[in-house]
């Protein structure tokens, strides 16, 4: 058995033991998703357009505030929880995401919902290591100031600290405060599903990209494998919220995050949305990662 495989097995065993120990103290409700649906549907306000917040349906005007509260709550533990939930695999996904983008020298990137700065840092490291380039620039944009603070602390430990290669900005993905044709590349990783109007996000992504610019989105997907799918569902609903309670002292936020994944369009559906925003798709429009647990969506502004 390889060192990596042995590490994964040991980590899985640790998490399973931790969850079992915790479960003796706190009952896990397997029907939480259906009860949330039932309660929220009864509370639906018919006077305003509705959107989903996990499995609940709420007025569109409320979602931005509620999502903001989630990420303000988890910001300090966000990276640690990503490692715990994915057993570190999210790092491999993000490395592959950046390699697939393959930015050239002098690329001007906007990383939307970039919060903790890992995509922007990976992008700048790639440009330096592959091209010896120190002229590339990353704009890290997030609607949540607490997430951006985590990103700034990350960059403070790197050679890019206090350089002109990175900037941080509070902003809304649905209405970017940049002129049209401003960026060579637009990335958004595990963020678009939290937006109220995904179509508006895609249209503004198209607007701010230069002709020939590339849109890339890394997001959770639908797992269709007949064996993997039920295991993934069990892990998502029974383990991840418990890890959220143990590590971040916040079960509810991670219950929402799991539910938000299930509410996000399937890979073919989201690819159609990207195409409808004006992008020319790369191949079929997406690449599945780890049986479709995550997927990379990509298109060009022609």
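Quick reminder: no glycine exception, Cβ is built from N, Cα and C everywhere.
Where the annotation comes from TrEMBL, it is an automatic prediction and has not been curated.
Features as listed in TrEMBL:
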| type | residues | note |
| --- | --- | --- |
| BINDING | 116, 142, 172, 173 | S-adenosyl-L-methionine binding site |
| COMPBIAS | 33-43 | compositional bias 'Low complexity' |
| REGION | 28-48 | region 'Disordered' |
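Each of the binding-site residues 116, 172 was scored by how many other Cβ atoms lie within 10 Å of its Cβ, and the smallest score goes to 172. Proximity of residue 142 (S-adenosyl-L-methionine binding site) to non-local residues of its own chain (separation of 6 or more, Cβ distance below 8 Å) is seen for 112, 113, 114, 115, 148, 151, 168, 170, 171, given in sequence order. Within the same chain, residues at least six positions away from residue 173 (S-adenosyl-L-methionine binding site) with a Cβ under 8 Å of its Cβ are 112, 113, 141, 143, 188, 191, 192, 195, 201, 204. Maximum intra-site Cα distance, S-adenosyl-L-methionine binding residues 116, 142, 172, 173: 16 Å.
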